[in-house]
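Features as listed in TrEMBL:
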DOMAIN    11-186  domain 'Thiamine phosphate synthase/TenI'
BINDING   GLN33, MET34, ARG35, PHE36, LYS37, ASN65, THR104, LYS133  4-amino-2-methyl-5-(diphosphooxymethyl)pyrimidine binding site
BINDING   ASP66, ASP85  Mg(2+) binding site
Amino acid sequence: MFNKLQYISQGETNEKQLQNIHQALDAGCNWIQMRFKNQTSEKRFALAEAVKNLCEEYLATFIVNDDVLLTQKIAADGVHLGLTDMSISGARAILGEKKIIGATANTFEDILLQTKNGCDYIGLGPFQFTETKEKLSPILGTEGYASILNKMKTENISIPVYAIGGITLENIENLIKTGVHGIAVSGIITKSPEKEKLVQQLNDKLYANVIL
Ligand SMILES: Cc1ncc(COP(=O)(O)OP(=O)(O)O)c(N)n1
Ligand SMILES: Cc1nc(C(=O)O)sc1CCOP(=O)(O)O
Ligand SMILES: [Mg+2]
């Protein structure tokens, strides 16, 4: 069972990225997605190696945003791919069955396609406006999630769905009620002055009805 909280990294430099990821791990996040856009492959490789070591130390899951070959090169736990990134089947052919492959969706049809192609989880968004990502797909809101997750139930499609995009602590109860498995967040953790307290509060809400 995948963790219900995924932290997506932020930072303009390798140092800032690593600091943010280190702080998220210290705060109790145990799933990290390295998202470091528009950088040279040397810089991305250097960061990925450092993050991999850190995640091993913290026994955290480490996935890479966008870059299947980097994922393979550093033997990360997996990759997250959007609708315009490498295809899920192409990534699976390179990474094999054991690696985690996450896929982005904005609609029920996207979920159908990505699931058929063999992804392991869906990142469904955006929930609401966020400054973290440019060129957002249409906002879904709680109603959008409820409608898509209901359709999945009707059509017997069973795959963990993560809500993403501008999510705050106050949104979690309603999101979980729609049937999402968990959330992927960036800004709220990166910006929080009290990260440990926030991660505890997020997990309390995410796992409120889970019998462990
Ligand atoms: C968990 C999760 N869900 C969705 C995304 C978005 O991926 P993508 O559409 O490829 O956009 P970028 O993150 O690459 O800008 C994600 N990264 N993680
Ligand atoms: C990386 C990403 N993808 C999205 C999508 O809708 O596909 S929203 C998003 C940004 C997530 O960061 P924050 O929690 O700061 O909004
Ligand atoms: Mg992408």
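Just so you know, glycine gets a Cβ as well, placed from its N, Cα and C.
Features recorded in TrEMBL, as mapped to the structure shown.
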residue	record	Cβ within 10 Å
GLN33	4-amino-2-methyl-5-(diphosphooxymethyl)pyrimidine binding site	24
MET34	4-amino-2-methyl-5-(diphosphooxymethyl)pyrimidine binding site	30
ARG35	4-amino-2-methyl-5-(diphosphooxymethyl)pyrimidine binding site	20
PHE36	4-amino-2-methyl-5-(diphosphooxymethyl)pyrimidine binding site	23
LYS37	4-amino-2-methyl-5-(diphosphooxymethyl)pyrimidine binding site	9
ASN65	4-amino-2-methyl-5-(diphosphooxymethyl)pyrimidine binding site	20
ASP66	Mg(2+) binding site	19
ASP85	Mg(2+) binding site	17
THR104	4-amino-2-methyl-5-(diphosphooxymethyl)pyrimidine binding site	21
LYS133	4-amino-2-methyl-5-(diphosphooxymethyl)pyrimidine binding site	18
Span of GLN33, MET34, ARG35, PHE36, LYS37, ASN65, THR104, LYS133 around 4-amino-2-methyl-5-(diphosphooxymethyl)pyrimidine - largest C-alpha separation, Å: 17
Binding-site residues near ligand 2 among MET34, ASP66, LYS133 (Cβ under 6 Å): LYS133
10 Å Cα neighbourhood of ASP66 (Mg(2+) binding site): matching binding-site residues from ARG35, LYS37, THR104: ARG35, LYS37
Residues among the binding-site residues ARG35, PHE36, THR104 that border ligand 3 - Cβ under 6 angstroms, in sequence order: none
Stretch-averaged pLDDT - the domain 'Thiamine phosphate synthase/TenI' (11-186): 98
Rounded distance in angstrom between the Cα atoms of LYS37 (4-amino-2-methyl-5-(diphosphooxymethyl)pyrimidine binding site) and ASP85 (Mg(2+) binding site): 13
